[in-house]
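Here the structure comes first, spelled out in structure tokens, and everything after it is commentary.
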Amino acid sequence: MKLFIILATATLLIAATQATYPRDEGFDLGETQMSSKCMRQVKMNEPHLKKCNRYIAMDILDDKYAEALSRVEGEGCKSEESCMRGCCVAMKEMDDECVCEWMKMMVENQKGRIGERLIKEGVRDLKELPSKCGLSELECGSRGNRYFV
């Protein structure tokens with residue numbers, strides 16, 4: 001009887017977790033709203049966008065930690081520069097609107113997971129990515145304001 005109760009409780013916890021934190025096959029899209037057009041673009045560019053994640057992690061975290069994590073996740077980045085190049089490929093292939101939505105998703109998904117200081121550093125790095133990739137400054141936001149997270 002105790003075993004049944006434990007198994008039933010575990011099953012409910014797993015079901016509740018999956019309902020609360022819906023996951024896509026790739027990125028954790030969390031509860032961030034993204035247009036279907038941008039969702040498609042993110043999915044199509046997911047391998048390269050993962051390199052954006054790795055680039056930012058390498059920049060704000062200890063390089064050895066990020067390198068080990070990169071190997072485990074198979075991102076294929078040997079350096080910050082190689083991650084940035086892969087990231088730029090995705091950003092150049094996506095509409096500006098979708099790059100903006102993706103950036104917002106990235107920040108929203110990290111809130112509560114990492115410290116405030118790391119969030120600020122990550123936001124700074126995200127804002128710099130378009131210029132590092134040779135793209136014009138993104139105009140994100142409903143009123144044409146510069147991108148603000």
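Even glycines carry a Cβ here, placed using N, Cα and C.
On a predicted model such as this, the values are computed, not experimentally measured, just so you know.
Per Swiss-Prot, disulfide bond is recorded for Cys38-Cys98, Cys52-Cys87, Cys88-Cys133, Cys100-Cys140, and the stated evidence type is similarity to another entry. For 121-128, the entry in Swiss-Prot reads region 'IgE-binding', with the evidence type experimental evidence. Taken from Swiss-Prot, the feature signal peptide covers 1-22, and the record attributes it to experimental evidence. Residues annotated as site 'Critical for IgE-binding activity' in Swiss-Prot, with experimental evidence given as evidence: Asp125.
Sequence-distant neighbours of Asp125 (site 'Critical for IgE-binding activity') (same chain, 6+ apart, CB under 8 A from its CB) are Tyr55, Ile56, Asp59, Ile60. Among the disulfide-bonded residues Cys52, Cys87, Cys88, Cys100, Cys140, the residue whose Cα lies closest in space to that of Cys38 (disulfide bond) is Cys100. Per Cα geometry, Cys52 is the residue among the disulfide-bonded residues Cys52, Cys98, Cys100, Cys140 nearest to Cys88 (disulfide bond). According to DSSP, Cys87 (disulfide bond) sits within a helical segment. Only Cys87, from the disulfide-bonded residues Cys52, Cys87, Cys98, Cys100, Cys140, place their Cα within 10 Å of the Cα belonging to Cys133 (disulfide bond). Cys100 (disulfide bond) sits 14 Å from Cys52 (disulfide bond), counting Cα to Cα. The Cα of Cys140 (disulfide bond) lies closest to that of Cys98, out of the disulfide-bonded residues Cys52, Cys87, Cys98. Distance between Cα atoms for Cys87 (disulfide bond) and Cys98 (disulfide bond): 14 Å, as a whole number.
Note: the CA-CA distance between Cys98 (disulfide bond) and Cys52 (disulfide bond) rounds to 15 Å.
Taking a C-beta cut-off of under 8 angstroms and a sequence separation of 6 or more, Cys52 (disulfide bond) has the following same-chain neighbours: Cys83, Gly86, Cys87, Ala90, Met91, Met106, Leu129. Taken together, the residues in the region 'IgE-binding' (121-128) have a mean pLDDT of 81 on the 0 to 100 scale. With DSSP states grouped into helix (H, G, I), strand (E, B) and coil, the region 'IgE-binding' (121-128) comes out at 8 helix, 0 strand, 0 coil.
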